[in-house]
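Novice: Not my notes, these are from TrEMBL:
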| type | residues | note |
| --- | --- | --- |
| DOMAIN | 21-119 | domain 'GS beta-grasp' |
| DOMAIN | 127-502 | domain 'GS catalytic' |
| BINDING | Glu151, Glu153, Glu237, Glu245, His294, Glu391 | Mg(2+) binding site |
| BINDING | Asp232, Arg371, Lys386 | ATP binding site |
| BINDING | Asn289, Gly290, Arg353, Glu359, Arg371, Arg393 | L-glutamate binding site |
| MOD_RES | Tyr431 | O-AMP-tyrosine |
Amino acid sequence: MQVEKTFKNSEMDVVNELKRSGIKWVRLNFCDPFGFLHQISVNSSEITEDAFKQGLPRLDGSSIKGFKEIYESDMLLKPDPSTFAILPEYFDKNNHNKKNYAYPSMAARMFVDIYDGYGGRRYSRDCRYIAKKAEEFLKTKGFEKSYWGPELEFFIFNKISLLPNPMSSINCSGGSGYSIESGEAPWNSSSGNEYTIPFKGGYFPAPPADSLTDLRDEVSETLQEFFGIRVDAHHHEVATAGQCEIQMVYDELTRMADNVVTYKKTVKEVAAKREMIANFMPKPVALDNGSGMHVSQSLWTKKKYGNHVNMFFDPSDDYAELSQTALYYIGGLIDHARSLCALTNPTTNSYRRLVPGYEAPINVAWSKMNRSASIRIPAHYKNMEKQKRIEYRTPDPSSNIYLVESALLLAGLDGINKKISPPDHIDKDIYKLTEQEKSELGIRKLPTSLLDAIESLESDTDFLNPVFADDFIEMYCQIKKDEYTTVAAIPSPREFYMYGNV
């Protein structure tokens, strides 16, 4: 069934489209503070003008990690009509591999804003609210808008197995492990694929070595046709075992964060339809590159005649065509780099990626073109204002994109406000510098563990105060400390290999 789609909808546009199309169910989506996507399906008859204004009484906040206590749990969901989209028919089906779906219904999707019950205030721990507050705070500093371009990497596996069974990874007194199956991987020689990709040998191979071109085509076309999300390129990434990247066109802060959530959902759905598994862990494959989420960003303002001006661009700067505003912004990112890791790299697995030898940033530094620095200034073109941006290379796709963009913006604005000049740019392969050379150049290290990152955040929160509530940071840090403690207490197979005979 072909349905007309619009991507800048009013409340009445949505109500009328639901009636016209005959869609029965609307999926209401939001992310918890840790980036996990949640969903409730409501009958389309519930989506009225009143629902947009008053909200739907459908959320028990005590059942969402990091939200409410049980004695204060009634919450409201207000759909955002601008995020309305009609879903592909195969979305949200658990029997993708069957020719006839049990119930081939059509459904639509909207993101929601979360409100406290009995009073109707915006909920301070709603990460979408945090992102919108960050955009409003930006305007108080004299800027009109910011543009964001996250680049998410991910793996497509044939199968992931937790051994001897999934519960053993939790109640693991008797031992546990995992295995990954991938037709591209050299360890799966029995797959019948003659074109396996060696470790670190997966960058830009042509098919048939790249076995996932058509999957990425489908994801890209689905994003564009169903959700209005523009994709400008996709390719196989460096690692073996199906590492991919699909590049979305930049957008404003909250809208880009919504797009990232939609991107991850779409990748997972297209993979599931093919009986495969999409994985966004930072480091699922040992001894190969992990998955990052480099985040490009720029600040814009409106001048006298209505034209928007990139405030990071200054053609008179001989080094990288960066304005003083951009340099102060970089200074803020560098000043807060260690504490930012608690939000940009929020899992224990994140720090298995941030190690030497795998093209991931481990040092706090900035440079033009230099991919060994944590902050890179892309320099493909000269004298091109719309291309001038700062690329922050530390984040990974296990993070909550709403929090990442908001925190990066606040760190940069803090640098502008305090006029924090960055250290000298480093035009060397930082991976090859000795510890003494890095010390002489003033290059600091990023955290080496989640606990290290959380402790850095706890001692450096002032720059987040304009947008993040104190109780949010306290809650977030405590839950992340608990995660670290849980993982640290569990023996690993590698430890048995190394120490089993001591």
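First residue shown is number 1, and so on along the chain.
Cβ atoms here come from the backbone N, Cα and C positions, even for glycine.
What's the neighbourhood like for these features in this structure?
Specialist: In the structure as shown, the Cβ atom of Glu245 (Mg(2+) binding site) sits within 10 Å of 19 other Cβ atoms.
Under a cutoff of 8 A between CB atoms, and with a sequence separation of 6+ in the same chain, the neighbours of Arg371 (ATP binding site) are Glu359, Arg393.
According to DSSP, Arg393 (L-glutamate binding site) sits in a coil region rather than a helix or strand.
DSSP gives Tyr431 (O-AMP-tyrosine) a helix state. If you draw a 10 Å sphere around the CB of Tyr431 (O-AMP-tyrosine), it holds 14 other CB atoms from the protein chains shown.
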Novice: Validating a neighbour-count step here. Other CB atoms within 10 A of the CB of Arg353 (L-glutamate binding site): how many?
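Specialist: Taking all protein chains shown, Arg353 (L-glutamate binding site) has 24 Cβ neighbours within 10 Å.
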Novice: According to DSSP, does Glu153 (Mg(2+) binding site) sit in a helix, a strand, or coil?
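Specialist: In three-state terms, Glu153 (Mg(2+) binding site) counts as strand.
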Novice: Compute the average pLDDT of the predicted model within the domain 'GS beta-grasp' (21-119).
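Specialist: Across the domain 'GS beta-grasp' (21-119), the average pLDDT comes out at 90.
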Novice: With every protein chain in view, what's the tally of Cβ atoms within 10 Å of the Cβ of Asp232 (ATP binding site), excluding that atom itself?
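Specialist: The Cβ of Asp232 (ATP binding site) has 11 Cβ neighbours within 10 Å.
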Novice: Which one of these binding-site residues, His294, Lys386, Arg393, has the sparsest Cβ neighbourhood, judged by other Cβ atoms within 10 angstroms?
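Specialist: Result for the binding-site residues His294, Lys386, Arg393: minimum number of other Cβ atoms within 10 Å at Lys386.
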Novice: Can you count helix, strand and coil residues in the domain 'GS beta-grasp' (21-119) using DSSP?
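Specialist: Per-class counts: 19 helix, 37 strand, 43 coil.
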Novice: Highest Cβ count within 10 Å among the binding-site residues Glu151, Asn289, Glu391: which residue is it?
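Specialist: Max Cβ neighbours within 10 Å, all protein chains included: Asn289.
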